Amino acid sequence: MEPKAFVEIMRPHNCILAGIVGILGSLVAYEGIPPVQKLILIFLVVYFGCSAGNTINDYFDVEIDKINRPNRPIPRGAITRKAAFYYGVLQYFIGLIIALLLGWSAFLFALGAYFLTFVYAWKLKPLPFIGNVTVALLTAATPIYGAVGVGRIDLAGYLAICAFLVNVSREIMKDIEDFEGDKRLGARTLPIMIGKKKSGIIASIFGFLTIISSFLPVKVGIGLGYLPIIIVDIMIAKASIDVLVNPEKAGKGQKILKFATFIAVISFLLGALTREV
């Protein structure tokens, strides 16, 4: 086994981004700077939930990854499947212990979200559209968790709406990208069930709904630091139009949405910090 595989299988860059979104949810909801120790705990709970979910996902997805992503740790033999499973369970356990430090509401929320990540990887992922929506719900739950961690929801709900919509779009694009491998293994993803073209239309609809939803925070007085969201909207529009015209561009489109999400996180953070309370 390769020691670096234990880091790689977590996909830390994705988990760091998720942790930042959790912190952002707390900042937006708190209308100020929450206690630093709470922000650290929120980040860690989200990080370990994300990393555990990624690890368990690779455990269940090993056959598909042999075709679609052969360079991932398990298919290339860098870590055994059994070791990956127990490693994922360990990460869940660490995250839940940390969640207890935030209180029972935060613990129960984390427990529910963690359970959903496991069930998604185990049973829900192959189901057409249901799997996509589940991932989007988990992503939307991230800023809400940050808000729960500081004891209020407030504006974090708007961030959750945007996160949900853009991730439904991205998950469908990823399924279009993985069409051949999924079809060979008998998966029942949305593109396989209704075709790439119709799936591209649905992905683009959710993309444009994200753009519309991105204006909701303006209505409630988010700060001028939110202006970079214009760049995000342009990127989402491009990805949505591309996949609408040519579904074969879904792979490029989902990467654009991933980068756009990163910029959106920064935009929401700056907007929250520059808002007049």
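Cβ atoms are placed via backbone N, Cα and C, with glycine included.
Per Swiss-Prot, the features are:
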type: TRANSMEM; residues: 16-36; note: transmembrane segment
type: TRANSMEM; residues: 40-60; note: transmembrane segment
type: TRANSMEM; residues: 93-113; note: transmembrane segment
type: TRANSMEM; residues: 129-149; note: transmembrane segment
type: TRANSMEM; residues: 153-173; note: transmembrane segment
type: TRANSMEM; residues: 199-218; note: transmembrane segment
type: TRANSMEM; residues: 222-244; note: transmembrane segment
type: TRANSMEM; residues: 253-273; note: transmembrane segment
Dominant neighbour of the transmembrane segment (222-244) in 16-36, 40-60, 93-113, 153-173, 253-273, by Cβ pairs under 8 Å: 253-273
The transmembrane segment (253-273) versus listed stretches 129-149, 153-173, 199-218: most Cβ pairs under 8 Å: 153-173
